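Written out below as structure tokens is the structure these notes cover.
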Amino acid sequence: MKRFIGFIKKEFYHIFRDRRSLFILFGMPIAQIMLFGFAITNEINNVNIAILDHSKDETTKEIIHKIASSKYFTITASILNETEIETAFKKGHVKAVLIFEKDFSKNLGKENNATVQVIADATDPNTANTISNYVSAILQNYQQQINVAVKTSYQIIPKTRMVFNPELKSVFMFVPGVMTIILMLVSAMMTSISITREKELGTMEILLVSPLKPFQVIIGKVVPYIFLSIINAIVIVLLGIFVFNMPVQGSYFLLAAESVLFIITSLSLGILISTISASQQTAMMISLMALMLPTILLSGFIFPVSSMPLPLQIISNIVPAKWFIIILKGIMLKGVGIQFIWKSTLILVGMTLFFIGLSVKKYKIRLE
Amino acid sequence: MKEDTVIIVENLTKNFGDFTAVNNISFEVKKGEIFGFLGANGAGKTTAMKMLIGISNPTSGNAQVAGFDVYKNPNDIKKNIGYMSQKFALYDDLTVKENITFFGGIYGLSRKKIEEKRCQLVEELGLQEIVNELVGSLPLGWKQKISFSVALLHNPKIVFLDEPTGGVDPITRRQFWEMIYKTAHEGTTIFVTTHYMDEAEYCDRVSIMVNGKIEALNTPKKLKEQFKTSTMNDVFLKLARG
Amino acid sequence: MSISVQNISKSFKDKTALKNISFEVQEGELFGLIGPDGAGKTTLFRILTTLLFADSGTATVANFDAINDYKKIRNNVGYMPGKFSLYQDLTVEENLEFFATIFGTTIEENYDLIKDIYVQIEPFKNRRAGKLSGGMKQKLALCCALIHKPKVLFLDEPTTGVDPVSRKEFWEMLKRLQTKGITMLVSTPYMDEAALCDRIALIQDGKILEIDTPQHIVKHYPKTIYNVSANNMYQLINSLKNYEHNYSVYPFGEFVHYSDKRNDFNPTDLKLYLEKQQLQNIQISKTAATIEDTFMELAK
């Protein structure tokens, strides 16, 4: 046991003396959360739009006022004729132009029918789509207001309620995603690198020619990173809660337990990588290519799994991150208990056992 | 600068923070001379050599290499010298031929010239059998001989050799030195570091660095007389042990 | 018998590293494995330290079988691999403490054994190993390999890339360790170090050329060697090589070692020939063969 503690002590020396890695280790989660939370988002806020109002009557004024007072849009320009629309887009100042047809009020009154044209800049299709949806919503809302006074024919108005994330905040998507990536990175990449570093330095030779048992070497390598990963997980959850008002509906205990499980899954992957790579560089490449990319692309973190082509959907099942994200969303957003996520949990447990078994089989007590 | 002096070093100093790696050294090396640059590990040899080949700026002092100032014209120096280090010599994953072509290319030799040089090398070193093999699969001795020749591809005025024979077998080591003699005989200056003291005897003149300073500089014969010993090894031990 | 190697062969994919090697090392002996890089020294060390399996043959270390009793060997040997394998980001003291701990001992317990060496690096005990000079790293690595009081010590090229002063000190340390009863197998590419061993094996291309004491091994040299010197070394070598009766011509420090094919060789003939080649200050005198001469003769 004393040998083992001595080993762990040494690992912590390595970690704390490598300032740059330490900075990455703790700086990265914060930077990523902030980045995903603030910069990369599907919501729109204060989008600049222009108005081309051909009728300039009471109704259009009211509608424009309604749009301008919403937090989604800022009206930056009034355009006088059609030819200016293109110039406005090309300058890039506005993302959409709203055109009210001539005699808007009259048409609405007489024929119960008036047209608003929304022209959106679709270089960014997602934003364009969202803008048009928001505008429609505002118009519909206005329509309902005036319809209260004037009883007209029957209408079916769909009322959508977004559950679990009523404000459609994308940051709620990203917090579980970033947490998954960070834990994967810290656990898998860092351990595989630190084990292969010993191979590269030649110190692994000495460790092998010592009474230290192979599993002691491996566990000794892993323990410090379990600590670091747990700290990272806590930092991310706290940032989510206090900076982005992310709710944690379910049990904190379950959240912690599942996180530790995922950390162990990642660590076992890291060990597996280190058994098959001879240098730090290879370990890093394998970690990045085989772990990071699938984690980001196939886990459902950014692209929903359900909208992927079938082969990719099937492949996504072997990405541990997919299951962890399901678990995280379940606990944090839906507030479910273990009875709803036991299947994903079981899959992760199975994967972990598999990786550990494979590593043990691959681990060499000799150099060949 | 005199016609036949290719390296002039005057009061050259390099500090790293508080630590003086090279302390006010001065010497001259003549054309066609084999100059042995000896010293214990950490005595400042590598630092001094880096300044002379124009990849590190001195803290103070002057140095001219191949007629160019180390401050003002480091790039001209690089064009006029060859460099071979023990650590990096050739690309292991390229063949002998590809290595020659590559290094000829970076020194701006024309394709015709490279071709010509390659044939010459193959002939002189007897590379016919291995010219298309990966360098990584060759014995160390071969690699070192080839990389020395590669360092000479562009007919440099001076070749800097940083422990060229470390770990090489004794026969190849001698063949290597015969190549050095030949090169020097043809007028190229050789600036060489080594840990083999018998190799120090092969040099025309030898300098010995201790703690950043040149403590002795003379022909091996005179040094042995001066320190009243029979081998360079003893001279070295006397000096470095103080 | 401390180390016994019987008919060991080993090859990697396309390369034979060791060809049918056999030798024995007595208890308390300082045994040298002398040969250039790529001779197979490191492979042999790895087989003896149980890091590699031999393709064929058997080996025992401290009377334990290298395959079946590998755990016992690992407890009883000290190993200093080629590149001083230390943790660069740990201090001198931390490195030593770490190796003591993993071998289940403490620095204090075996301090006697390393004292001589450790006092030389103790002033730098709070310095990181990566910032030490080559000679000091080598001393620290030796301390680390000794800290658990091994019966057999394996030193793979401990002096490569180290300056002559540190090399000399290092060999003095090994000599002192020998008096404490530790068996040592040392490899080196420096022929001059061979003289410091009790017995040596000359090895090249995976084959052992000769095993004997350094004193005996030079007696195997078949010819008389002459030291030849003249005013121009390059010209001298070329002239000697062109001399029809030459058996071997090798530069050796300030001299050229020359031996002749003929049994009735008369140095005066050679002198006359060299004078004809416009050489001056010609001196020719008999000299004893060195281990390096013998090695080159055997490796030819």
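Glycine is no exception: its Cβ is also placed from the backbone N, Cα and C atoms.
As annotated by TrEMBL, transmembrane segment applies to A:21-40, A:171-195, A:222-244, A:250-273, A:285-304, A:340-360. Taken from TrEMBL, the feature domain 'ABC transmembrane type-2' covers A:132-366.
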Item to check | Contact call for the transmembrane segment (A:340-360) and the transmembrane segment (A:250-273): at least 3 Cβ pairs under 8 Å, seq gap 6+ | outcome: yes
Checklist entry - Which range out of A:222-244, A:250-273, A:285-304 gives the transmembrane segment (A:21-40) the most CB pairs under 8 Å? => result A:222-244
Next on the checklist: Under 8 angstroms, Cβ to Cβ: which one of A:171-195, A:222-244, A:285-304 has the largest number of such pairs with the transmembrane segment (A:250-273)?
Outcome noted: A:171-195
Next on the checklist: Can you work out which residues elsewhere in the same chain, 6+ from the ends of the transmembrane segment (A:222-244), have a Cβ less than 8 Å from its Cβ atoms?
Outcome noted: 8, 11-12, 15, 25-26, 29-30, 33-34, 37, 169, 171-172, 175, 178-179, 182-183, 186-187, 190-191, 194, 255-256, 259-260, 263-264, 266-267, 270-271, 332
